[in-house]
Amino acid sequence: MSYFPWLTIIVVFPISAGLSIFFLPHRGNKVVRWYTICICLLELLLMTYVFCYHFQLNDPLIQLDEDYEWINIFDFHWRPGIDGLSIGPILLTGFITTLATLAAWPVTRDSRLFHFLMLAMYSGQIGLFSSRDLLLFFLMWELELIPVYLLLSMWGGKKRLYSATKFILYTAGGSVFLLMGVLGMGLYGSNEPTLNFETSANQSYPVSLEILFYFGFLIAYAVKLPIIPLHTWLPDTHGEAHYSTCMLLAGILLKMGAYGLVRINMELLPHAHSIFSPWLVLAGTLQIIYAASTSLGQVNLKKRIAYSSVSHMGFTIIGIGSITDTGLNGAILQLLSHGFLGAALFFLAGTSCDRIRLIYLDEMGGISIPMPKIFTMFSSFSMASLALPGMSGFVAEAVVFFGIITSQKFLFLPKILITFVMAIGMILTPIYLLSMLRQIFYGYKLFNMTNSYFMDSGPRELFVSICIFLPVIGIGIYPDFVLSLSVDKVEAILSNYFYR
């Protein structure tokens, strides 16, 4: 057990500091913005320091763990802890949230509440990724929903209330199944709740009950990932939300579902995962094709990028279902890669739409000359998203490919069919992304309009884009830097999986 509560400080600091926003002097929005950015930077620096000096990469066990009694009557403990599986998403959360705060600079209406909600969301997400207690995991899952709902309903497009209501209905419905699974696993076989991950990992369940638990958790995660057909909230939400909120949704929120699928379903319920894994692979394969095909028909720029996110998450689902070291490492790599790429694409789409006051692709065209910097950055991230070699998207999808090909779970013919369909999806990806670039930046449609909104990207947009582009290139050139974080933990999960 850690003697200094590093993780407690990391989880509590953003929301605690966020409460102070309401007591800042009323001297305009600039004070609130700089205060929030400083809090995010301090949190990111603290995380980096703790993980560099107090985390051992070659140790697959839980590290920096803490255990404090919280509610005695329920035997509920505050149990944070991290391992190789959680350190990547936590660092991604800190990085993307800091940049999303900078991206939210133009927000002026209710600025204090907006930035407090971003910091509250920050704490909820880090708390979830560092939880090693089932009930704490559920509480952090719910804590993160409230700020997202308010961010969606108060800042965004004309249909923001509709999209926010749809989001909360889907996620709250999934949370019911998550709570039932948590309580079922915690109360099984004992008069006292056993909510600790380590205790639950050593618990044996009847196969039928394990399948029931697995299915309940899967529904909750299928909403967040999302898995078709529980994905319809995502395009509407992205289409109406402010682009800084979209960065948090695409960069972090979707990753929570995949993280829970590995952390709870795969690690704690291995027999049920073995039964469900072929269906996960099938769902992921169909999702790649369906979402890519649907994205091609979208005329709303943000919705097209949203469907591309759904398609790319299909590779993560396939990697998790492959039950191989390579496949699971590829799924984790795809999570981090898409976290960067999804956030960058929504940021650039939002800044572009703010400048030209248009959102529909058939109304755009010809803005590459007046906005060359945005054109260059948008094209670069689109190339990374369509898996151009040398960038993170290519490495992640290639590793998932090798994972499913080398899987012992599937026969030769199904593996050939799966890889063939995945290849079709990878062909559709450049079609809808390149056609999107053509509709936005090429042609002559907007040349005759006034150029009052055609100011190219400034230092803020360039800084955010370059900060995201560096890890995209870094992962593409040297993926072992990221894979080294999770490889030992992945081996530990799969060794327990096969020998239990």
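Cβ atoms here come from the backbone N, Cα and C positions, even for glycine.
The transmembrane segment feature in Swiss-Prot is assigned to 37-57 (among others). Residues of the same chain lying 6 or more positions beyond the ends of the transmembrane segment (37-57) and with a Cβ under 8 Å from any Cβ of it are 2, 6-7, 9-10, 13-14, 17-18, 63-64, 82, 84, 87, 90-91, 94-95, 97-98, 101-102, 119, 122, 484-485, 488.
Taken from Swiss-Prot, the feature transmembrane segment applies to 87-107 (among others). Tertiary neighbourhood of the transmembrane segment (87-107): same-chain residues 29, 33, 36-37, 40-41, 43-44, 47-48, 51, 55, 114-115, 118, 121-122, 125-126, 129-130, 155, 242-245, 247-248, 251-252, 255, 259, 332, 335-336, 339-340, 343, 347, 350, 354, 460, 463-464, 467-468, 471, 482, 485-486, selected by CB-CB distance under 8 Å and a gap of 6+ residues from either end.
Taken from Swiss-Prot, the feature transmembrane segment covers 113-130 (among others). For the transmembrane segment (113-130), the list of distant contacts is 7, 10-15, 17-19, 21-22, 32-33, 35-36, 39-40, 43, 80-82, 86, 89-90, 93-94, 97, 100-101, 104, 107, 136-137, 139-141, 143-144, 146-148, 150-151, 154-155, 244, 248, 252-253, 256, 259: same-chain residues at least six beyond its ends, Cβ to Cβ under 8 Å.
Sequence-distant contacts of the transmembrane segment (134-154) (same chain, six or more residues past either end, CB-CB distance under 8 Å): 74, 76-80, 110, 113-114, 117-118, 120-121, 123-125, 127-128, 160-161, 163-165, 167-168, 171-172, 175, 178-179, 182, 185-186, 193, 195-197, 200, 220, 237, 240-242, 245, 248-249, 253, 256, 260, 263-264. Annotation comment: Swiss-Prot describes 134-154 (among others) as transmembrane segment.
Marked as transmembrane segment by Swiss-Prot on the basis of sequence analysis: 167-187 (among others). Beyond the transmembrane segment (167-187), the same-chain residues lying 6 or more positions past its ends with a Cβ under 8 Å from any Cβ of the stretch are 134-135, 137-138, 141-142, 145, 148-149, 152, 193-195, 200, 203, 205, 209, 212-213, 216-217, 219-224, 230, 232-233, 236-237, 264, 268.
Packing against the transmembrane segment (211-231) from elsewhere in the chain are residues 141, 170-171, 173-175, 177-178, 180-181, 184-185, 205, 253-254, 256-258, 260-261, 264-265, 269, 272-273, 275-276, 283, 286-287, 290-291, 310, 313, 316-317: each is 6 or more residues past its ends and has a CB under 8 Å from a CB in it. Residues or ranges marked as transmembrane segment by Swiss-Prot: 211-231 (among others).
According to Swiss-Prot, the feature transmembrane segment maps to 242-262 (among others), an assignment based on sequence analysis.
Taken from Swiss-Prot, the feature transmembrane segment applies to 272-292 (among others), supported by sequence analysis.
The annotation transmembrane segment is assigned in Swiss-Prot to 330-350 (among others). Remote same-chain residues near the transmembrane segment (330-350) are listed as 85, 88-89, 92, 96, 99-100, 103, 238, 242-244, 246-252, 254-255, 258-259, 262, 301-302, 305, 308-309, 312-313, 315-320, 374, 377-378, 381-382, 384-385, 392-393, 395-403, 461, 464-465, 468-469, 471-472, 475, 479, 482-483, 486, 490 (criterion: CB distance under 8 Å, separation of at least six residues from the stretch ends).
Taken from Swiss-Prot, the feature transmembrane segment covers 386-406 (among others), and the record attributes it to sequence analysis.
The transmembrane segment annotation in Swiss-Prot covers 416-436 (among others), and the record cites sequence analysis as its basis.
For 462-482 (among others), the entry in Swiss-Prot reads transmembrane segment, with the evidence type sequence analysis.
Away from its own ends, the transmembrane segment (272-292) comes close to residues 207, 210-211, 213-215, 218, 227-228, 231, 265-266, 307-308, 310-311, 313-318, 320-323, 404, 409-410, 414, 418, 421-422, 424-425, 428-429, 431-432, 497 of its chain (Cβ-Cβ under 8 Å, at least six residues beyond either end).
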